[in-house]
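Have a look at the structure below before the remarks.
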Amino acid sequence: MTDIEALKAITTESIDLENVPVEEVFQHLKCTKEGLTSNEVQERLTLFGYNKLEEKKESKILKFLGFMWNPLSWVMEAAALMAIGLAHGGGKPADYHDFVGIVVLLLINSTISFVEENNAGNAAAALMAQLAPKAKAVRDGKWNEIDAAELVPGDIVSIKLGDIIPADARLLEGDPLKIDQATLTGESLPVTKNPGASVYSGSTCKQGEIEAVVIATGVHTFFGKAAHLVDSTTHVGHFQKVLTAIGNFCICSIAVGMAIEIVVIYGLQKRGYRVGIDNLLVLLIGGIPIAMPTVLSVTMAIGAHRLAQQGAITKRMTAIEEMAGMDVLCSDKTGTLTLNKLSVDKNLIEVFKRGIDRDMAVLMAARAARLENQDAIDTAIVSMLSDPKEARAGIKELHFLPFSPANRRTALTYLDGEGKMHRVSKGAPEEILDMAHNKLEIKEKVHATIDKFAERGLRSLGLAYQEVPDGDVKGEGGPWDFVALLPLFDPPRHDSAQTIERALHLGVSVKMITGDQLAIAKETGRRLGMGTNMYPSSSLLSDNNTEGVSVDELIENADGFAGVFPEHKYEIVKRLQSRKHICGMTGDGVNDAPALKKADIGIAVDDATDAARGASDIVLTEPGLSVIISAVLTSRAIFQRMKNYTIYAVSITIRIVMGFMLLCVFWEFDFPPFMVLVIAILNDGTIMTISKDRVKPSPTPDCWKLKEIFATGVVLGAYLAIMTVVFFWAAYETNFFHNIFHVRNFNQHHFKMKDKKVAAHLNEQMASAVYLQVSTISQALIFVTRSRSWSFVERPGFLLVIAFLIAQLVASVISAMANWPFAGIRSIGWGWTGVIWIFNIVTYMLLDPIKFLVRYALSGKSWDRMVEGRTALTGKKNFGQEERMAAWATEKRTQHGLETGQKPVYERNSATELNNMAEEAKRRAEIARMRELQTLKGKVESAAKLKGYDLEDPNSNNYTI
């Protein structure tokens, strides 16, 4: 039997690879522990396929038609059926042109939605490809990082802490693993997997490191077989609920208008059947914001692409709106606020064991480090050697214990040149100290050294050593000796202080969450200007803390927490959410996953584990806090575009329904349905550009405020409807425009209205005039709703302006020159066209003040702050007490010499000025320190601080005067 034929037997699952001995697994899979060659991989990919589940292929036709299947489209489809099925009689031909127009409008919206979503889907697929799970496998005799989708049965893979198991596999020699199988079996606790056991695709490694041989991939895995049994659930997010609420409001408004028209037309006016149908069609076609789902989804998709360009990949689209409302960010210190580029000052190493010097301590620490797949600490330690190979020179490695959150240390068991067994371990000082046989004797000195390091912003790394006389690799060995404490320095990022200040001005409170000591956290907070109001994780356990306040208040007011474990992160997020905060949380490890899932916005930082990425909403591809704050601003801009459009959509619904209903009720004026279609089509073309509009993000956290959206929309829409009625009255009932502008007189009292031909002629001209008035001011409204302050001072996007000008040029030409009997309009000439533009300009001038009045009524803000535009004129919500935070931050920055007074960070030159001030403050401090060191007092104090002596304590016996 050839190798291929033998492997084909595996695909039929006639061999139980989960239960046969591991040696037989290699025989059946025709592989060795040296892995596969590239040719073997290609053959197996052809046979087994890629390591991914089968994707359901969606029909493009059904997907296209799906954009016509929503409540707003149903109303338009009902209008189309009315036009073709009910609009007959009354001495008029069948309403085919209206039917065709409605279908064209539906097709235009569906086409735009289909194309944009397809483009967004392709872009999203490309972005998500960056997040595709990776796996370390032996190929052609070398370890390589490959896409997990390229794994095949027979591959040798490495599994370590934080990895999501990429395929079903059997474990080889090594230490037991702790595997979280909750996603597969529902087991809440991790299970122990010994060498030889099976691990399944989709589970997570919680502890340990080992090699394994892949036995099944793709649809043949345990997860793949169960996937088809799981029904996908439809989750209705907050964004969808908002869309539904706005859509329902518009539909209800139309229903009310139609009910009034039915009662008046058929009950009071006793008019014909066809007249009523045409008037109802006007409300149905013009009132429905048919483009709303398209505009909002396209806006969000384009926004997600921009976020990705800034280094923040959005896994869940609705996370954008939550990011816009985030008011508290719980940030890791290491790698986010700091560079995560550790260095060790050899001169400061404190040695505790006789016979060991600092060079030997460094060598021992390097032995307890990995030479490959190093973390930041391992890199810092090994880089201190002249040659990294020195770490293993003259010894034989027997067993390496990798770091895990449970023991917080690494260890190496090895044989020296004489064949004696030794073990060396490095890790968290408390863990190392607990192992020492003489911990009670050295405890005070160790803690004093740790505190001395912490006061200088240095982390401590403990180092211990033991002999293993019995020669048992897994035995306990002899007593542990505490060898040394190594100081680790992780410098803050150059932009962290400025970014934190920027966040405070944006209403986002940044809290430092770190596993380091409290003194280190406070020193880092002081350097970054974020405050030193920090607490140990023990203060989270009960309300009996030294501050005498509840834990909730403590968390809300704290600048950060030190000595934090992953479970503390979860508790912090939970309590902040209970205080009505929208909370973001950064994380990178497997144990951060619960907190990332719990947070409103889980943010996996650069180089996070697969488990952390899987639990997050946003994945960063660049390090640092500035990426997050930039993403916040971008999210607010995206959210602002969506909110601007929803206000516009509600306004247009009200102005169409109310305006044409009043004309019908009081003047029996019948506006042609086809011209409403023209308005809708031109509006759609213009409004689509709002997804790329230039907007000013909210200076404070923002969220959906339906009360504001509906109130602003109703008032603005009602105003425009009333102005349409005023225009109609002035043109149809008076000589006002004729006398002032010397244009053709449309006053009905100057015509023989009993003559049907004359009346029809006048009505067609009035329809053309009303069409231009409604079209122009309706589209101009978007410039009002898109701006936070005066619309003429916030420059709109180029595409929006061009689209508006083209649409209104078309509308003006139609009104001035078009004679369309089928559409019920007749040309009014360029004179009347100019008059209507002047009327609409005057109408437009009152829109901004009305917008301010509505927001003033909703928020209660003073007039000065209202028109200033910097507070968004929206209902004020206590987003983490932003005034208190901003005042506190200013005070702290002033104390540190970083700022001389109030200066908003969003001024154009503020970034440069802040950098200059920071450099100047740093230079002044350095000059003062150097001068002080030249004095006897300065030298004594400097030496005392270095030794850990307290000169302020008169009872101290560490020195004499």
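Glycine residues also receive a Cβ, built from the backbone N, Cα and C atoms like all the rest.
Record features, source Swiss-Prot:
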type     : residues   : note
TOPO_DOM : 1-64       : topological domain 'Cytoplasmic'
TRANSMEM : 65-84      : transmembrane segment
TOPO_DOM : 85-96      : topological domain 'Extracellular'
TRANSMEM : 97-117     : transmembrane segment
TOPO_DOM : 118-246    : topological domain 'Cytoplasmic'
TRANSMEM : 247-267    : transmembrane segment
TOPO_DOM : 268-276    : topological domain 'Extracellular'
TRANSMEM : 277-294    : transmembrane segment
TOPO_DOM : 295-643    : topological domain 'Cytoplasmic'
ACT_SITE : D332       : active site, 4-aspartylphosphate intermediate
BINDING  : D588, D592 : Mg(2+) binding site
TRANSMEM : 644-665    : transmembrane segment
TOPO_DOM : 666-670    : topological domain 'Extracellular'
TRANSMEM : 671-693    : transmembrane segment
TOPO_DOM : 694-709    : topological domain 'Cytoplasmic'
TRANSMEM : 710-730    : transmembrane segment
TOPO_DOM : 731-764    : topological domain 'Extracellular'
TRANSMEM : 765-785    : transmembrane segment
TOPO_DOM : 786-797    : topological domain 'Cytoplasmic'
TRANSMEM : 798-818    : transmembrane segment
TOPO_DOM : 819-826    : topological domain 'Extracellular'
TRANSMEM : 827-847    : transmembrane segment
TOPO_DOM : 848-961    : topological domain 'Cytoplasmic'
MOD_RES  : T894       : phosphothreonine
MOD_RES  : S910       : phosphoserine
MOD_RES  : S942       : phosphoserine
MOD_RES  : T960       : phosphothreonine
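Note: the CA-CA distance between D592 (Mg(2+) binding site) and D332 (active site, 4-aspartylphosphate intermediate) rounds to 11 Å.
In this chain, the transmembrane segment (798-818) lies out of contact with the transmembrane segment (644-665); the count of Cβ pairs under 8 Å, excluding pairs fewer than 6 apart in sequence, is fewer than 3. Touching of the transmembrane segment (827-847) and the transmembrane segment (710-730) is concluded from the presence of at least three CB pairs under 8 A, sequence neighbours closer than 6 excluded. Counted over residue pairs separated by six or more positions, the transmembrane segment (671-693) shares at least 3 Cβ pairs under 8 angstroms with the transmembrane segment (798-818), which defines the two as touching. Per-stretch counts of Cβ pairs under 8 Å to the transmembrane segment (247-267) identify 65-84 as the leading one among 65-84, 97-117, 710-730, 798-818. Recorded residues D588 (Mg(2+) binding site) and D332 (active site, 4-aspartylphosphate intermediate) have their alpha carbons 9 Å apart, per Cα-Cα distance.
Touching of the transmembrane segment (277-294) and the transmembrane segment (798-818) is ruled out by the presence of fewer than three CB pairs under 8 A, sequence neighbours closer than 6 excluded. For the binding-site residues D588, D592, the ranking by surrounding Cβ atoms (within 10 Å, all protein chains) places D592 first.
D588 (Mg(2+) binding site) falls outside any helix or strand according to DSSP and counts as coil. Packing around D332 (active site, 4-aspartylphosphate intermediate) is summarised by its Cβ count: 24 other Cβ atoms lie within 10 angstroms of its Cβ, all protein chains included. Following the DSSP three-state reduction, the secondary structure of D332 (active site, 4-aspartylphosphate intermediate) is strand.
Within its own chain, the topological domain 'Extracellular' (666-670) has Cβ neighbours under 8 Å at 269, 271, 275, 278-279, 725, 728, 732, 763, 766, 824, counting only residues six or more beyond its boundaries.
Confidence for the topological domain 'Cytoplasmic' (694-709), expressed as mean pLDDT, is 87.
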